[in-house]
Amino acid sequence: CFTFYIAKIAVPCCLSTIKMMKVKANPLVSNLPPSSFRSSSQLSGSHGPGFAKLNRREGAGGWSPLSSDRYQWLEVDLGGRTRITAVATQGRYGSSDWQTAYLLMFSDAGHNWKQYRQEGSIGAFAGNSNADSVVQHKLQHQVIARYVRLIPLNWNPNGRIGLRLETYGCPYNSDVLSFNGQSSLIYRLTPRPRQMSSESISLKFKTLKNSGILLHAEGQNGHSLTLELEKGKLQLLIRKGTNLSRYLVTLGSLLDDQHWHHVAVEHHSNHLNCRHFIVSACLCTLSPVQMILGAQQGFSYTSFYGCLENPVYNGLNLVDLAKQKDQRGNVTFSCSEPVFVATTFTGPQSFLRLPRIDQSSLGISVGLQFRTWNKAGLLLTFELPNREGRVWLYLSKARAHLQIHKSGRAPLELNAGSALNDGQWHSVDLISGGGRLTITVDGDEGASAHASPSFLITTGGHIFFGGCPAEENSQECLNPFKAFQGCMRLLTVDNRPVDLIKVQQRLIGNYSHLQIDMCGIIDRCSPSHCEHGGSCSQSWSTFHCNCSGTGYSGATCHSSIYEQSCEAYKHKGNISGYYYIDVDSSGPIKPQLLYCNMTEDNTWMVIHHNNTDLTRVQPSPEVNTHVVHFEYASDEEQLAAIISLSEHCEQEIAYHCRKSRLLTSPEGSPLSWWVGGPGVGQMHTHWGGAPPGSQQCACSLQNNCVDSRYHCNCDADSNEWTNDSGLLTHKETLPVRSLVLGDIQRPGSESTYKVGPLRCHGDKNVWNAAFFDKETSYLHFPTLHGELSADISFLFKTTSSSGVFLENLGIKDFIRIELNSSNEVLFSFDVGNGPLEVSVKAGSPLNDNRWHRIQAERNVKEASLRLDELPAVTQEAPADGHIHLQLNSQLFIGGTASRQKGFRGCIRSLQLNGVTLDLEERAKITPGVQAGCPGHCSSYGSLCQNQGRCVERPTSFSCDCSSSAYTGPFCNKEVSASFKSETSVTYAFKEQMVNELNRSSSSSSSFPSSIYSDITLKAENVSLSFRTSQSPALLLYVSSYHREYFAVLLIFTKVLTNYSSVGVYLKARFEGKPFIFCQIDQNPKEDFNLTSGVEFNGIRSLVLGRLDPDLAQIASLGFTGCLSAVFFNSISPLKAALLHPKTSPVTVTGPLIQSICGFTSANLSHATETTHHLSGKRPLVNAIRSDSALIGGVIAVVIFVTVSSLAIMARFLYRRKCTCQRQEVKTVKPEDNPELPFRSRITSQNGPTENQKEYFI
């Protein structure tokens, strides 16, 4: 395997990269002659740069420029390339002159400077606070350079710039080769007799060309390795044989910046783990016999143009070898490089103004090269003669546009090129003359656009590049576009090059906010801070991550948008279905689509494999065993994480046999076995239901095997079919990866097998909690590691108004989350840029002893904080600031090392970067902290619907549906049944009391009130759902011992007769008060006034469906259709008949079929949950699809419109000793309602007596 990396070595002292020896760093400036110092200017001869040596008092005690501004610099020539490890500064001796911040620049040749950046982004160094103290900075990564330049940024406001400096390091020796684009160096190596355990190739390179071959190594058998620069990026190309080739890896960016870069390729005989800038490849040997530097002979690839330094193969210096054996081919042993002076436009205030050189020319030509990440920006602009118009050359949508406005003329526009914001150097030329106008991008290889204007395009004034001066009264330069941010070089005006060094010295033109003689472009996407496969794009000042299709969100695609388990989805109110599960949240494991079964108290994650069906064994000739391998829908790391996360896992395994033994042979060795467990798994000889290592089946433990001499049913070798089945429940043996069946070839042997899906329940993370009963109590854990990104999530509940949830400190850095007040959560941290705070305020108190969720994230771009379901609040990180969070103390939970007041209350499910901290285990050994935290119903009790009752558990909660007409984990699953015309369900109230009443004296005209007082109701609450095409229909009938009844009937009007199915939800309540109300679906409640003082006495039974003909004349109606969720006060008769027929006083006659016919639109609207889905995949809907939603919706509208014509009856007969004094509800007579044909069939025996009244509503 090969390891390929671009090295950045961080050392506190000098380290030789060849001999790997540490050398003490020494002062480099103190012994230099004055001629080694240069500066932008000097205040006087005694303030010259030669006096700028640390702790020296000669001259005026240091260097001071003529004027104090940001364009001044001090430069030191160290005399040769030197390894630099530290820099120190002082102010000017005995003065009030010192700099408080500065930039540090390095160069090999005194031009093309490179700014030193800490942490890859921070350019400014902290300076001095007085004239005498020394401030030293150790460089995070060593620099090899000859020239050092310091640029003051800020200085004492009561003085001026004053500087003395020193740099520390040690000598640097190197061997250099120069290639001119056609030269190469060839080495022919002697093949080794045996393969080495490791090989390495390393070198440094610098170039101005963005493409070219650095190295090509050819091995035996057609193997080869090529290091190639392609568009400023380094690519490693490996070929195996003559036909197979592939790019293994691409590293780096902007490597054509004419600065040195180090690259190494290492071959190891064993596999290496991948890490930043290091990638392993599976080409297990190379053993090169020929190595070519600079070009690849015989191929058409671009040759290298630039310099190589210290090329080393297995410790052999190839430059020394070339000098000794003269194996060079037109190369030189020095690095000669052209001088290209670039300038950097850093921001909106940057501009460069140049005068026209050839004023007599009839036309104009302007050219330049630029590189940028921005899609838009002004390249140049100038006025037409006599201020008759203006010319703009600018970037828009990454294309070059030319726009000319002239008075009295239509605007002229041209455009050329594309994708010019890729960070590469591009050229653009504007040429006008001879009546022709041309704009050309990237020369002959690019694109051009032409026009033939009728007027002369030239200027007699200035040309502005990049932007315009900030002066509001400047009419010479107008810029309606964005300012340019990027680099320019090779500027030409009238075909003459512009000397930018003279511009820097203010000898030509004028400028502002430019960095001349350097290109300060930074590739913020190399390395990319976008995580989990997010794509990175950038502008000049920042980068952006596109997280589409990744399953993650945030500024760096760090936080998962999915839950970690089915348990977490369940407690958000979801129902069974397929969900994306991200077991490690923001960790490296990808989300996976799993089925969540939430129909039981336990919530199961179900992981299927390629064969979960009962499968017949088909023996193959000449093969004594049958081997089956199972491929799971989840990856190996996903399976391992799920099993570890879950409290319990199980997998069904079954073997059905006839004359086919399972485990035990006559010799005692196992005939069959299975392989399971993590990784490749291990062999196991026990079967489902038996402990590991027992070589037994479940029947042996239950003492019910068909033959007691054997431990498995199949081992009895019976001619009759039998089976051994059971559950494998030891997590360390799961999942089942393969199955080997051995007794399958004997005559008469037959068998089938089944290995079910892996099922796991219980999320050990969700309910992991600790209770902090004192403000001084806390838990401590190892230091939080989140240098570049960190996410923290947890739930809390408290009655306190403030307290620190979490804190971790460093020397200067820190991170903290706290309850700042009763309605505010505060997230604060410091990575070296000063404290940054993000706060969220809730609309209600947070100390309500209910669970609240906090999610905090910090990355290189921003910090965010989210509380419960409130929108996240974000705070951007400072641009080009410190990005590394450096902590070194223990992590405190519930308390703090820096403050007195900790947190009182419960913290649950605390996760750092997707890893759950085991609060309970730590709490068991910590005084003042208790493991676990009860009281979940206060937060989650609302999930129990339809009169379901929340029941506390030690680490969870459940819903008791015994008092509900519904079932399911949240009492939201309707209990429904299909009724035929002959179906009847009778629920008897107080059956034992009925027996007593039957034994009483038959001559008694009334029963003692003490006997039937319990079955006398002063209020009825009835609700049910139904669907039917029958009209009329009896929905519900309640009878009493006093010939009273309560009935709910349905009669369709003519408007509704065309509908074959109807869904109506009805509620009626009779409270012993002179009114009754009825509500249908979601329509408004209808109230009806009755006579006062009514009661429904001696309730006896409730009937659904067909009645006993002896009970009432309406018995013949019956009901055909679907009834669901029938509820009468606290009784659920349909649920009792279907789910508890043996323990409930219920009698069923005729066919009663349980079904899902009762799932109405209202129910589905609550239950439907669309799962998160990845881009490009069809969303999965967890719901039972039914046409009842549409039909029910239509019917609800029709019912609402025709409520006056809808006949839904509630009839009450009751015994009265006085007559009605005020009748507000009409007493129904047969002739009053022609739509009640059954009414006329009520006999006087069952009809109302003289003391009874019948009400129709």
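Heads up, the Cβ atoms here are built off N, Cα and C, so glycines get one too.
Those TrEMBL annotations? Automatic predictions, nothing curated.
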Recorded disulfide partner - Cys933, candidates Cys906, Cys961, Cys971, source TrEMBL: Cys906
Beyond the flanks of the domain 'EGF-like' (521-558) by 6 or more, those residues with Cβ under 8 Å of it: 117, 120-121, 233, 252-254, 276-277, 344, 371-374, 423, 485-487, 580, 582, 586, 588, 590-591, 788-789, 791, 857, 859-862, 864, 874, 879-880, 1172, 1174-1176
Cβ neighbours of Cys906 (disulfide bond) where a neighbour is any other Cβ within 10 Å: 23
For Cys933 (disulfide bond), the number of other Cβ atoms found within 10 Å of its own Cβ: 25
Segment confidence, the domain 'Laminin G' (768-933), expressed as mean pLDDT: 92
Helix-strand-coil residue split for the domain 'EGF-like' (521-558), DSSP-based: 0 helix, 10 strand, 28 coil
